Every structure is written in structure tokens, then in C-alpha cells.
């Protein structure tokens, strides 16, 4: 099972999350049948959603939108505070452009644009924050969002490693580190050095204790407390009933057209690819 470990330095000056999201991204790839570059971009956005969701409490829903002008098109992830995430990428069929390290580059396909984060806390108006994409590689863009919109200095790393022979997901995960108000400049410099000199996310995720390895590398000589492990998973909350309500909201005329022309309806959820079919009788019942 995928999981996240939440932690805080013993002096209370820093906090960090470490995530193993391998099964989450695998399921997304299988459901959407994405090609390599699209898989990595969607996977990173899903992990970003899980990081933001882990920051929240209660029934808050987080929507992450990567809105670039490149060939990728929009990438959307919706997460909650319980570790659930769902998402999709507009262009599923983008293939390799590798860096010299062998990692897949997504920025050339994301292009220029915005990272938008919407927090729905069940109040009248959801909170929405928007920043420019500074790299298009997702992790750095999320760190910029935290600094720009939430005034919290942060470092974020997210990555997806593919099996070279099959283009399926081998491993996926990431981390978030945030400096809290009492952190000194000296401590921040120390943590920055740790993050710059630590192994790649892919290397750490393939170690024996991946999440502990990640946190040990982030904190270095600084002592920290493990605040607990929490499950993560790809989970969509769509249902036949929910989509039926959506059809009902279209009004009489479109429903009558569906009955006359198609003798029913079929809806495919864009977040998870589940298919729902509605008979003529089910549609007629909406008109009563």
C-alpha cells in the first residue's frame, strides 16, 4: 500500500512529508493508458495533490491544475485529506524526451502557464491561488506556490520512474520540506545543503526503507520526530447515481434528444475511465 510519513524536527523549526505513491501512479497509468511522458506528468501532479491534501484536515478537497500552453494540455488532480487522489491529463499520448540522467523531462511538453490550487473547505467560496509555472517540472512549481501563495519557504521533489522495457511505472513518490517561522537562517542553509546533496528521489525510493531514507537525507544531523504513517491511494468518488443527477441537471430537451437519437446514454468518467450506461427507461424516469 502507498503511504506518507509526516514528520517534524525536534526543535519544531521544520516539517517534512515523504511519500511512496507507486501504486497510485500505476493505477492512473493503467486506467488512462498514458504514454511515458504523459504518465510522468500526470504522476507528478497526483503526488503534488497528495502532498497538498496531507496539509489539510477534515473534508477539505484540493484541486491542482497544471495549465500550460504546451502539447500536454491541462493536467488535473483532485485530492482530499484522507490520502485519496484522482486525476487526468488531456494529452495521454506523449512519448520520451529524456534528460542526460535518464529521467523523463515533462517541462518541454507542459510549456508556459500557471499552477492553480483550489481549496474547497465546504464554505460558500473555495479559496483559489495561482502562480506562474517556473519550470513546468511540477515539484519546483509547487514549492513556488507554497512560497508565493502561502508565504512558506518550501522544497518539493516529486518523480515517477518508468520500467525501460515496458514504459510501466516502476516507482513513484516524493517529499515536501517546509521551514516553520522559528527556523534560523543557519538552519535553513543546513537543510538546503542536505537537499542539494541528497540522492535522487528514484534512488531513495528503491532503498530498503525508502521513506525513512528520504527523511534522514532531508534532516541530516538534525533530529526529527515521526508523526505517523498514513495510507495513500488512487480513488475516484464517481458513481452511476451521481452522473444521473448530472444528466438530470441538463434539462428536458437534451434528455429527450438522448432518448430519441441514442435510446439511452453512456458516460465515461474523465478522472478514472469508469463507464456508466443508462437505459431509455432510466432517462425517461428523469422526465417524470
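A Cβ is built for glycine as well, from the same backbone N, Cα and C atoms used for every other residue.
Quick look at what Swiss-Prot annotates:
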type	residues	note
DISULFID	236-238	disulfide bond
DISULFID	269-272	disulfide bond
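In this structure, residue 238 (disulfide bond) belongs to neither helix nor strand by DSSP; it is coil.
Taking a C-beta cut-off of under 8 Å and a sequence gap of six or more, residue 272 (disulfide bond) has these contacts in its own chain: 31, 86, 234, 236, 238.
The number of other CB atoms found within 10 A of the CB of residue 236 (disulfide bond), across every protein chain shown, is 18.
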